[in-house]
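Encoded as structure tokens, the structure appears first; notes follow it.
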Amino acid sequence: MKFRNNLTLYLIFIIVFTIYISLTISIPLKNGKFWHITDTHYDFMYIEGGDEDKQCREVTYKSKYEKGGASSIGNYKCDTSFELLQSSFEYMVKHEEKPDFIIWTGDDPPHLGNSQLNETLVLQSITNMTNLIKGYFPDIPIFPSIGNHDSYPQHQIGVGPNWLFENVAQLWSPFLSNDSIETFKLGGYYTELVSEGFRIISLNTVFYYNENRQCLNLTDPAGQLLWLNETLANASLAGERVWIIGHVPPGYNEKYDVFNFHKQFNDEYLFSFSQYSDIIEFHIYGHEHTDTFRLFYDDPNDHINDIEPTGIMFLSPSLTPWMNQFLPALPNNPGLRLYEYNITSFALLDYYQFWTNLTDNIISGNIDWQLEYRATEFFNTFNLSPVSMYEAYLLIQSVTSQLLKFHFYNSVSYPTKGCDEICKKIQLCSIRHPFTKGFKECLVEI
């Protein structure tokens, strides 16, 4: 009898254990997700009926009686209206209410001249956006970066301590550690250990921006690159995986035909990552308002021998549809991006690019957000690793229809006039050659 009871218990244990193992094996780990918010440029003085030639901030005779004023939804010559801003956050919450965290890469104030701004207005813009994100995503970790418009005068950010770093550090103190607050006060940069084995480094790339005159005579503003090297070295010793985030990306801006960084900073910045490409998963930036990516190498000469890249940068499009009327660039439709990553390896798996057609919205009177494309489907890749994105680049390079579609997505499906040979060269070379020398050689080769 005792033997029979023991046998019964043993069989029950085997059955339960088998069921447990089968369930464990059959149920895959859920992938992590995060929103990337960038270049919102909310204009709190945007008014319905405003004159687009006056940034939609005032009603004029022309806007009232002749040409017609701006829609309450938005205008391609103006920054983000409240209606557009509100709809974007409502859509994000509806689509993915509980992301693991939010990456927010700056540029909150509207595109205004210094005569229309001051320190108080700039800080109020950053405060408004901070409160908005926290309000829609309470208890969700936020990892921010400072942008070139998050300053006064515009684009001018020098070494701290200064009014900007001091005030923003206090504003962001609820989601930054004490160590992060200290380095932010010094230079607007920091690092956070998100979880065991997973680190985010937020860099202040405005130091190197081509319109920032405050750091031209400095070799390493606020010691950021030295600190970066030490942080990456420690991360490597600890066996951590690293993500790099910032506002202004290095390399060539295909929209404005200019390098984003001052010449002396561009290559030095890229070289800072070469020794640690084995632990850096990817970079995320904003600033250009366009949808694109950048490949880079440990050695800038590696592209000559078709060696596969060791790094990848993703540039997300802006929420603002604003068009620079003084430079040869198209506007873009508003965009939002949701990334997907492996919660074990912290590798980037995919992203979902959402958009809204501002032209149609103005006609209908409703804002309709929808999926524009899924990255792995459009690029025909398994994931978003540097090697996979190199394959995506080769597809764009070799298949004309893919290039034209990529160029269309570059401005978030805003109608373009196509992409001629010069356009093709700039698009392809800016993707593959963020180093200055390689880019110039590429323009001749293609």
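Placement of Cβ uses the backbone N, Cα and C atoms for every residue, glycine included.
According to Swiss-Prot, the signal peptide annotation covers 1-26, on the basis of sequence analysis.
Here Swiss-Prot flags Asn6 (among others) as N-linked glycosylation site.
Residues annotated as Zn(2+) 1 binding site in Swiss-Prot, with similarity to another entry given as evidence: Asp39, His41, Asp107, His289. In sequence order, Asp39, Lys255, Pro317, Ser318, Thr320, Trp322, Asn332 make up the list of same-chain residues 6 or more apart from His289 (Zn(2+) 1 binding site) whose Cβ falls under 8 Å from its Cβ.
Positions annotated as disulfide bond by Swiss-Prot, on the basis of similarity to another entry: Cys56-Cys78 (among others). The C-beta environment of Cys78 (disulfide bond), restricted to residues of the same chain at least 6 apart in sequence and closer than 8 Å, consists of Asp43, Tyr46, Gly50, Glu52, Gln55, Cys56, Arg57, Ala70, Pro321, Trp322.
All protein chains considered, the CB of His287 (Zn(2+) 2 binding site) has 25 other CB atoms within 10 Å. Feature annotation from Swiss-Prot assigns Zn(2+) 2 binding site to Asp107, Asn148, His247, His287.
Residues annotated as N-linked glycosylation site in Swiss-Prot, with sequence analysis given as evidence: Asn118 (among others). Counting only residues at least six positions away in the same chain, the Cβ atoms of Tyr152 sit under 8 Å from the Cβ of Asn118 (N-linked glycosylation site). Secondary structure at Asn118 (N-linked glycosylation site), as computed by DSSP, is coil.
Annotation source Swiss-Prot lists N-linked glycosylation site at Asn128 (among others), citing sequence analysis. Sequence-distant neighbours of Asn128 (N-linked glycosylation site): residues of the same chain at least 6 apart with a C-beta under 8 Å from its C-beta are Tyr42, Phe44, Asp108.
Taking the Cβ of Asn178 (N-linked glycosylation site) as reference, no residue of its chain lies under 8 Å away while being at least six apart in sequence. Annotation source Swiss-Prot lists N-linked glycosylation site at Asn178 (among others).
Asn217 (N-linked glycosylation site) counts 8 other C-beta atoms within 10 Å of its own C-beta, drawing on all protein chains shown. Residues or ranges marked as N-linked glycosylation site by Swiss-Prot on the basis of sequence analysis: Asn217 (among others).
Around Asn229 (N-linked glycosylation site), the same-chain residues six or more apart in sequence whose CB sits under 8 Å from its CB are Ser272, Gln275, listed in sequence order. Secondary structure at Asn229 (N-linked glycosylation site), as computed by DSSP, is helix. Swiss-Prot lists Asn229 (among others) with the feature N-linked glycosylation site, giving sequence analysis as the kind of evidence.
Look at Swiss-Prot and you will find Asn234 (among others) tagged as N-linked glycosylation site. For Asn234 (N-linked glycosylation site), applying a Cβ distance below 8 Å and a minimum sequence separation of six or more within one chain yields no residues.
Counting every protein chain shown, 15 other Cβ atoms lie within 10 Å of the Cβ of Asn342 (N-linked glycosylation site). Residues or ranges marked as N-linked glycosylation site by Swiss-Prot on the basis of sequence analysis: Asn342 (among others).
On its own chain, Asn357 (N-linked glycosylation site) has Asn333, Asp368, Ser413 as residues at least 6 apart in sequence with a Cβ closer than 8 Å to its own Cβ. Summarising the annotation, Swiss-Prot assigns N-linked glycosylation site to Asn357 (among others).
Sequence annotations record features per position, and here Swiss-Prot assigns disulfide bond to Cys429-Cys442 (among others).
For His287 (Zn(2+) 2 binding site), the spatially nearest entry among the recorded positions His41, Asp107, Asn217, Cys442 is Asp107, judged by CA separation. Here the candidates are the recorded positions Asn148, Cys429, Cys442. The one whose C-alpha lies nearest to that of His41 (Zn(2+) 1 binding site) is Asn148. His247 (Zn(2+) 2 binding site) and Cys442 (disulfide bond) are 25 Å apart (CA-CA, integer value).
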